Amino acid sequence: MAAGGGKSDDFQPFPVKDQLPGVDFCLSSTPSWPEAVLLGFQHYLVMLGTTVIISSIIVPLMGGGNVEKADVINTVLFVAGINTLLQTLFGSRLPVVIGGSYAFIIPTISIALSRRYSIFVDPHRRFKASMRDVQGSLIVASFFTMVIGFFGFWRIISRFFSPLAAIPLVILTGLGLYAQGFPQVRAPYSSFCHCSQEIAVSKQILGHLARCIEIGLPALVAVVFLSQYVPHFLKSRRGIFERFAILFSVAIIWAFAEILTAAGAYDNRAPQTQFSCRTDRSGLISAAP
């Protein structure tokens, strides 16, 4: 060893790319600030769709209109920002946005359609009363999961779970929303299920979510094409299309939808189709404070 030099046995880890060629960043390495801002904005766009869909499902069932829907979207975005900051500063530090979850949709629909709210004639008062009950239920459910986690009960329970048990659980959780995602399909069990009213009303509310193939199908094709095929044709070390496929897809499809709206492609279509496909029918921008 040369005099004054460093120790020969110092551990020098290999760069991330040398260890995992498909990974550019790990938890201890961060992108540049401009790239981090763009990636964060792309995360926001991904969770924005979930936030709008969840609000569009539950708010009309609770008696709310565009103003209440805009308030719920604003609230969910604000709370998601706080949760994300807490998760990235004190939690697992994974680069994910902590937003709304589909797991609460079915219980929330059951609360919103409860008979106890039939006494309210004013829709706004019904919305406020049902929202209080939903908030209280979420608080109690959150404390329950916190107790299970903090006292180590989940560590004991998880030892009895295997992939054979976990995978059917995840599948059944997704299938629970099957009737919500495919409103055109008649549920075969609705004649004897006690939740047939929830399913029927949800079909009417969610009809517009599955009735715009002109926008939905090109969006899926654009995301797959830009993220999976374009990088093979345009070789780039920075992986622009792999990392920002959502940003490019949203810009392209929104421009496409705006062109169809301005060209009058939906002028003579059904009101539900116009509400789903046009870019000037949501009412959220004008209703938001």
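Using the three backbone atoms N, Cα and C, a Cβ is placed for every residue, glycine included.
Taken verbatim from TrEMBL:
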TRANSMEM  41-60  transmembrane segment
TRANSMEM  72-90  transmembrane segment
TRANSMEM  96-113  transmembrane segment
TRANSMEM  134-154  transmembrane segment
TRANSMEM  160-179  transmembrane segment
TRANSMEM  244-266  transmembrane segment
Same-chain residues at least 6 beyond the ends of the transmembrane segment (41-60) with CB under 8 Å of its CB atoms are 68-69, 72-73, 76-77, 80, 95-97, 99-100, 102, 105, 108-109, 112, 127, 134, 180, 202, 205-206, 209, 243-244, 246-247, 250, 284
Taking residues 6+ outside the transmembrane segment (72-90), which of them lie with a CB under 8 Å of any CB in it? 47-48, 51-52, 54-55, 58-59, 64, 96-100, 284, 288
